[in-house]
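Undergrad: Straight from TrEMBL, here's the annotation block:
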type     : residues                                 : note
BINDING  : A:159, A:185, A:196, A:282, A:404, A:409 : substrate binding site
ACT_SITE : A:196                                    : active site, nucleophile
């Protein structure tokens, strides 16, 4: 709380994963899905320091266990290949074998060592991967790699998402221009602790692998793990980062004088992707941000913020533009975190609706007007300390039900 | 698991809280709600041994804290008064005072000591109780008390419920006819750990107060705390039991040879009310039962069953009659309970859809047909022990969103 970081980075227009130096990408339709793009590939010119975080679900797809083991052994990657349309989860020994084949085929086509390739899959669970279109699609993708391919990449990783989620930012490190790019997919089954979401961040910065892993873990807890759509956590989630060093800076680590600047840019990229995922939750019409402040610890603030953003009753009330602050306080109450309900103030945007745990007379029409907008910010002040945390989510709508009542068929 | 209890009780037709000897009840419209009944009163001829369990939400309505403190001191009650339409929660010192007034006014009208009366409120949070109609309604209810009033009582405690939830059963203890009656309300904001649900159980059995409390706690964990509608836990939930002893049996406790018979009847009443609440979740079209068996412990079975029944993705899939077993396994995976995903079998009714953590080829049409029915039973066998647990819930539908998007307005 004592360190103030100035934003020392610039957000690029239409930036994506190929904005940093030395990355090419592709995205195409191979036939795993009926019509839309379903194979995405990103390749770095040179081996990149790499880090990953993975789903906490006990039921984990082969891609998750495979990448995790591989990165633990060699924290470098040169390519990531992703398919959408089939999660290759709950597919047994055949699924494990298919995941290995997916990786090894990609490595062979690119002329890379096998451990230089990470894989990710997203889509329906429990159906064997259609290997013929998958492998053909990967081969084709290796031929279509280009710097312009970032947008196709971002589209090919989507499932029920309504649009692609991308960003790139630039800053100067050691006098060298450093770029970070990112792409993500989200939508259903999103919850704190890495639900069906994939995010891929690229940078041309030189970063020490251990520092990159620490930074990714910390940032994930503050961004991706603070979003929720429906409380479900998936079998396939992961965030992968590649840092190929082509910017020519001195390797970044906690000892580097500009480490916190780089970390802030990295966090911005992650936060943008996390918010995009939250706003595009299945059926959502808007982004909801819950800020809990005045907490005795960040853990308490985070636990309460996540509980509020996860409440179906809060989410439907926002959808209905109903200033039902009682549900907000009730959701704080069952979060499991300790606080004094009689000291809680609540705001919807800048309209205070509760003070000291009780309702205020407020302008219902103005509150309704505010809740009809996007984004909606709910602020809860506990008045018990000076820690704060923000969680991101979306409203719960008819369309969430429609989309999920017939996803598989 | 070793003790087999025969069902030694009979379910009464149209039984309710006034089925046991010595209880009268009333339910009427006092003006807290616009049209429907909103005051319910049940009175025993003589003081009854009493027990209660209460919401785990940190934000607790005055009725909850007041009853809990009171029962801890004197575990006997002679009357319970309930209002629907206003929860008197998050209403501060005024709310506390109003709750006391509600109790004391009822005691005075009935000529009872104040600690002989328990109160409950359910409805909107954060709005001060309209005391004029409340107190007038209570006075009127004391005049309308009758044995025939059980059905009115059961109606007057409802909020968004679509119908009343009642039951009565009879058994013989010490050669005397013992009757148990129950009424409950549920609907939105229902979750394991006592969400906005109220349940009231009456009996003419003589039961030791400490044994009654122990039985209620144990039974609640196996019934009311195994239901979920939307994962929200309310500020006002409680289950209260009165046992007035007019049946003339020797006081029941763990040493009584027929204790387990009585406990089984008590559990049946609780389970029936819990299932009724689950089936009538806001917008629900059906009851879902999740049975987890083959678990290493009951705690593990219960944790996994609750995680599955709480999954929005499972609930929407059932609504859409989509045999999406992958979501079932994924929800088991994020339950936090340890098990081996590769050993899990899953059935929808009698149709096995997964074996050893992988999908089977099954008759999709037959599965769809089964999921269109009511209730839907999902069975998960972990093959890691011989413990089992059942959780109850409902499907997630468009109507859940409709009801909750505009509850307050």
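Even glycines carry a Cβ here, placed using N, Cα and C.
Curation plays no part in TrEMBL annotations; they are all automatic predictions.
From a predicted model like this one, the values you see are computed outputs, not experimental measurements.
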Undergrad: Around residue A:185 (substrate binding site), how many other C-beta atoms are within 10 angstroms of its C-beta?
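TA: The answer is 28.
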Undergrad: Within a 10 Å radius of its Cβ, which of these binding-site residues (A:159, A:196) has the fewest neighbouring Cβ atoms?
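TA: Among the binding-site residues A:159, A:196, the lowest count of other Cβ atoms within 10 Å belongs to A:159.
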Undergrad: For residue A:196 (substrate binding site), which DSSP three-state class applies?
TA: coil
Undergrad: Other than its own, how many Cβ atoms are within 10 Å of the Cβ belonging to residue A:282 (substrate binding site)?
TA: 28
